[in-house]
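According to TrEMBL, the feature transmembrane segment maps to 97-120, 126-148, 182-205, 225-250, 346-371, 453-474, 486-511.
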Amino acid sequence: MKDWINRNYDYFEFLTPEMRNSSLQLQGPCYPVIFPSVNVYWSCQFIARPSNTSLKHWQQMGGVSINEDIVIDKSIHKSINSRSAVLKRYMADIGKAWSVLIVCGGILPLFLSVIWLMLIRHFVAAMPWITVALFNILIISVTMFYYLKAGWIGNDAISPIIGEHDAYTNVYGRELTHLRAIAILMTFIMAVAILTSIAIVRRILMATSVLKVAAKVVREVQALIIFPIIPYAILAVFYMFWISAALHLFSSGRIVQNNCSSNCCTYDLVAKRVNCDRCCGYSIHYTPHIGVAILFHLFGCYWVTQFFIACSSTVIAGSIASYYWARGETSQEIPFLTVFSSMKRLMRYSLGSVALGSLIVSFVESIRFLLESIRRKIKFSDHWPENWIGKAAYQSSQCFLKCIEWTIKSVNRNAYIMIAITGKSFFSASSIATELIMNNILKIGRLNVIGDVILFLGKLCVSLSSALFAFLMLDTHKYRSAHNKISSPLLPVVVCWALGYIVATLFFAVVEMSIETIVLSFCQDSEEHQGLAQYAPPLLIETLGDDQNEVQRLTQGPQ
């Protein structure tokens, strides 16, 4: 490189006459810079309009005529925007933004979730209102960031060009199309979210009464606040290994020489001659074994995530059940370090039941994912049904699978609670939980639905905060220049959102499982004692009193 600089970047005068002649025929080893170029994803992307000065010098040297419609410009553009190239750049973005994933996908949601649990202990009446207001502010902010990066607001759209370039140079990248599609999707979600928030305003007071019971449990069993750190740490270590293995899998494959459909030649630096045999380069092809390994890797990630979330839920349910059946008091009947006693029972008696429940959820979700993939392939083929019967059948099957998935998740969650309370196997606990729910459907429905909505909005607040901070970090100079530049903030932001939601799920499960465990324990207690709960704490009886009278009025009718 130093010799090249000392020669003023010129080697042409040192070439032999044969090399000069081959260079003037565009066969190397030296090539003219006739067309201006820009650095597009670390590849030299030519602009299909020649420089008048360079073209004049080339003609004076006796070079061959230059066709302005250069094929290499189109081939490079097609290669850069191929699906495999875009996928590899997205995976490379994850590798470059690893610090963002750790901060916004791990540390920040942990901090925000603990803060939310602390606030629910002391400001239970205000938390539903704060959660709804904060959710609307965050979803509007994230949507605006997508509009900024899509180029619809301001002048800060993502660009595939690396480094400084002419403002009038425009190179298309598929990442921009993806961002604009997500921006449209977020606009729809934002509108639905705001309308939903307005609709549930009248129900927020009911959520306050439900959360009071959970807040009292959290105050009494204080170890529940820090317990989710254990599954959080386990999942953090697992995701580190999983992402590392995923990067290795996506970078694996068989190197295949590209077939040349046109005559081309290139100068071989090793042989020091023009070679017309291997001038089209190489590409990496995924073998069927690697494709199967990638699918298994994705399935394993979802199963392990569901398994640890189920373990966390079962431990929390066991701790809450101990509190309930001791009449809501910190008495001798509650073992010291209740949470660790519940963990011991889980690992000794119920680990297989939890693994089975999480496997069933993962299996159903995988079937739905495969059917959706098949649908997308058929949609772009000639076999897509044109008549309304075929379309209605497809939409009905999708709705049916979604209902099955939701039902299994709901049954599993209640089954984990009954496993913690009764110690029975998965299917027996599911049967008991389903029978209790059917016998007390009005009572459980009124308490759980609005409470679940507020907790779901709380999880979205944590995950949207993670996404917003990820946007802010990725918008710094470090990730917008040189070799650290990311092709698009889309995938790192989505990953941070997903990690934030998973972390929030682990921590919010404390309140969620507190409500559901106490309600199911209350229902079982009432059935065992002819409708009069003997072990319910006073605050729970006060909270459920009005609901129980309402249920009796609805079931017995007017007198």
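Placed from the backbone N, Cα and C atoms, the Cβ positions cover glycine too.
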Interface present between the transmembrane segment (97-120) and the transmembrane segment (453-474) (three or more C-beta pairs under 8 A): yes
Spatial neighbours of the transmembrane segment (346-371) far in sequence, C-beta under 8 Å, 6+ residues away: 299, 302-303, 306-307, 309-311, 314-315, 318, 397-398, 401-402, 404-405, 408-409, 412, 415-416, 419-420, 423, 425-426, 429
For the transmembrane segment (126-148): best-contacting stretch of 97-120, 225-250, 486-511, by Cβ pairs under 8 Å: 97-120
